[in-house]
Structures are given as C-alpha cells and as structure tokens.
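Novice: So that we are looking at the same thing, I have put the structure below in structure tokens.
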C-alpha cells in the first residue's frame, strides 16, 4: 500500500515534466488521496494515470510525413547479385554509353580513369580513342605555361563543371552529385538509383512541386532538381539493343555498380575460396583439439576409501 | 530496325499489375475525391499514392529484368 503510494508519487513527478495534461493528472492524484483501497487498487490507479498521460503526450507529437523518407524502392533481381555472379559486362558497356551521352553533362565521375574501363567495358584501343576525344589541361611546360592536350588512358573522366559552385549555379542551386560511388553512398543504392531514374511520375493529388523541381516519389521529400533524363530511345546502343527507359536504367546502374565496386568479382572469388578453405581448417582444428583433449576427457576418477 | 515502336517494358508491366492492386488504387481515388474541394492546400493523398505504387512495384520488381537484355 505504501509502496503503491510511492510509485504514484514518482510517476507524477516524472510525468509532470513531460506531460501537457497536468491538471488531469493532479485530479487523478487528488482522487487517489481520498481512496484508501487495497494495494492492488492503488497500483492499478497509478498505471492508469501513467497510461493516460502517455497517450495524451503522444497525441501532441506530429506524425512523420512519409514523403520525407521517400517511397521504399523494390528489390530488383540484378544479374550480379549471386554469391558467385559476375557483372554483365555488355551491360556495363552500354551503361557507360548512357552515362556519357545522358548524364556526363551534369554529373562528374572523377574517381574513374579511362584505363579502368580497359578489359571491363572496352578494349585498350577503344579506351585510348575515347580518351583522345577529350582535352585535358596539363603543365606547366618548359616555358612555365599550362597547356591542353588530348586525353590519355591515365586521365580521369572529364568533369562537367570546374567546381561545386559552378555546378550549383548551373543547376538552380542543386549540386549533381559525383557518381563514382553513388550506389554505395545511398541506402540500397542499386535498387534506389534504378527506381529513381525510372520512377518519375505525376505527383499525388494535393501535392504541388514548385517551378524548377520535379516530382519523384523515391527521392526523400519528393521534390528533386533533376528532370526525367531517361526517355525511350534517347540513346542508340552500339550493339542494337532497344534503348527503352528500363533498359537504359538497368545498364546505367550496372555501370555505376561497377564504378563503385570494381573489385566485386575478385572479392567474391576470394571470399568463396577462403570461406571454403577456412571451413576445412575448422574441421581439422576441431578434430585436433578433440584428439588432444581426449586424454583428459576420457579420464576415470575412482574415489576409494582407505580404511 | 528503328521502325519498330519500342515499348518500355516497365510501363507495360505496371499496367498489367494494375488489376492486382485495385484495392489501394480505389483508396487513392477515394482520397482524391475527398480532397477535391479542399481550399487550404494542406490535404494530400501521398499515403494512398505510396500504398498503391508500393503494391505495383512489388508486383513489377521480380518480373521486369526478364524483359530486359
């Protein structure tokens, strides 16, 4: 009984600081003072008071807007998902073409060099030819001047803007992020990027997006600065694959996945090999341990009374 | 080769998944009707919209890549 009263006191003091329903709570406690029922009644009252206050304080909390997190993207069955699955390199090659023709005007990929593409998406000659198409600033020369020269394999992929400020200025204040690591830099990156690129839709009733932004349910908040870039046949694939929006999305995400995780194939092979070898080593170690311990484990202790 | 009208398989699959997701679609349409006369500009149907598209995405997701190269 006394314990119940103390609990009620503690609860009241604790809840007083959080609750907005203080007059209600004091009514409860004043009512309790007159009632000197059994301990179970007091405890029930204390719990009731706590419950009501809890409920009331929750109602003052605003419910989170689901647009804030963006629509959850579905899981697509990427061909490179399995434990021993490699990238679809034809898809990477097409994806690079999509990046170059559609995305490179705004998004940099400053961590990828032309030489990284050799053996992955292009032959050395093709990569050299691609690199030679761009102009790179180099220098200083013997006269102390900077000069421009055609690109080499060792050069990074070209950046569309000189710096972030220039990028923001050209895109209404929004910075088109560097895509070198984008599939690792976003939660559920591969599925998210695909869903985002192919998910431009009309906004729901009641939502209006201001001029300069576009609605995309997958983007946190719903209003993205990038317009819909993948449109059917925007690109003509070298290998003749029909360039639908979904096809281009798949290919460009394969390319971006490779760019973020070029080591993936080697990593999977290494992982498979070492997990297999270490399991064998585990079996061997377990056997050896049991062998050594068998001496002790098979001991017989005899308790003999000597008279 | 360019004469053939390319149809985006994703749009196609989304259309075919509509019958499976009639319930959230009807919820969304009911919401649209409800807020039609709203003048405050605070009412919106994002929740129902998300429910519908989540249903469609779940249906389309496993099937889409089979249609692509």
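Including glycine, each Cβ sits where the backbone N, Cα and C put it.
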Novice: Given that TrEMBL assigns A:103, A:106, A:107 to the heme c site, pick the one from A:226, A:264, A:270 that the record assigns to that site as well.
Specialist: A:226
Novice: I want the residues beyond A:103, A:106, A:107, A:226 whose C-beta is within 8 angstroms of the mean position of the heme c site's C-beta atoms, in chain order.
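Specialist: In sequence order, the nearby non-listed residues are A:102, A:104, A:105, A:176, A:179, A:229.
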Novice: What residues, ordered by sequence, lie under 8 A Cβ-to-Cβ from residue A:107 (heme c binding site) and sit at least six positions away in the same chain?
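Specialist: Looking at Cβ-Cβ distances below 8 Å from residue A:107 (heme c binding site), excluding near sequence neighbours, one finds A:99, A:160, A:176, A:177, A:178, A:179.
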Novice: Report the same-chain neighbours of residue A:226 (heme c binding site): residues 6+ apart in sequence with Cβ closer than 8 Å to its Cβ, ordered by sequence.
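Specialist: Listed in sequence order: A:106, A:174, A:176, A:214.
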Novice: For the heme c site made of A:103, A:106, A:107, A:226, how many Å separate the two farthest Cα atoms?
Specialist: 11
Novice: For residue A:103 (heme c binding site), what is the tally of other C-beta atoms lying within 10 angstroms of its C-beta?
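Specialist: That number is 22.
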